[in-house]
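Listed features, source TrEMBL:
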DOMAIN    25-152  domain 'Tripartite ATP-independent periplasmic transporters DctQ component'
TRANSMEM  14-37  transmembrane segment
TRANSMEM  49-68  transmembrane segment
TRANSMEM  88-106  transmembrane segment
TRANSMEM  127-146  transmembrane segment
Amino acid sequence: MSALNAVLDRMERWGILICFTVSLAALCISVVTRYLFQRPLTWPDELTTCLFMFMTFLGAVMAVPKKAELKVDVLYEFFPKARFGLDLLLHLVRLGVGLTLIYAGVNFMLIEMEMETVTPILKIPNSLLSGMLPFFGLLLALRSIGEVHKLWAKPRQEDR
């Protein structure tokens with residue numbers, strides 16, 4: 001499980017770094033062409049939007065093992081002895097969301113493939129962009145399974 005986590009960590013970090021670097025370069029090109037040459041390019045905006053979506057998904061998955069995702073901490077304060085159960089519920093709900101994204105994302109991707117739609121400027125197939133949903137769902141499910149495994153591997157007696 002730790003080998004899988006190491007691979008996911010590396011993939012997420014590099015994915016975010018590459019997306020951010022390409023987005024920054026594209027936006028710099030856009031600003032230079034717009035203000036220096038008075039000829040604005042449109043493709044950097046579309047590319048940046050696509051990369052921002054991907055970075056958002058990767059960042060959400062990356063937050064899971066760092067315990068940086070959004071959660072209602074007040075429940076932990078009111079029910080300190082239920083921490084194990086609340087953590088388990090959180091991970092199982094997240095796993096359900098991941099599995100739902102896989103199922104719905106694949107269906108949506110198949111519809112987009114059938115319709116053969118593309119983005120307006122760069123002509124990127126929308127099926128490729130909608131493929132982010134099952135990919136993100138898979139990563140989210142893997143991270144959630146890893147967190148449930150960690151939770152069961154080292155349970156604290158006072159939490160049960």
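Cβ from N, Cα, C; glycine included.
Annotations in TrEMBL come from automatic prediction, not curation.
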For the domain 'Tripartite ATP-independent periplasmic transporters DctQ component' (25-152), mean pLDDT (0 to 100): 94
Structural state census, the domain 'Tripartite ATP-independent periplasmic transporters DctQ component' (25-152) (DSSP three-state): 100 helix, 2 strand, 26 coil
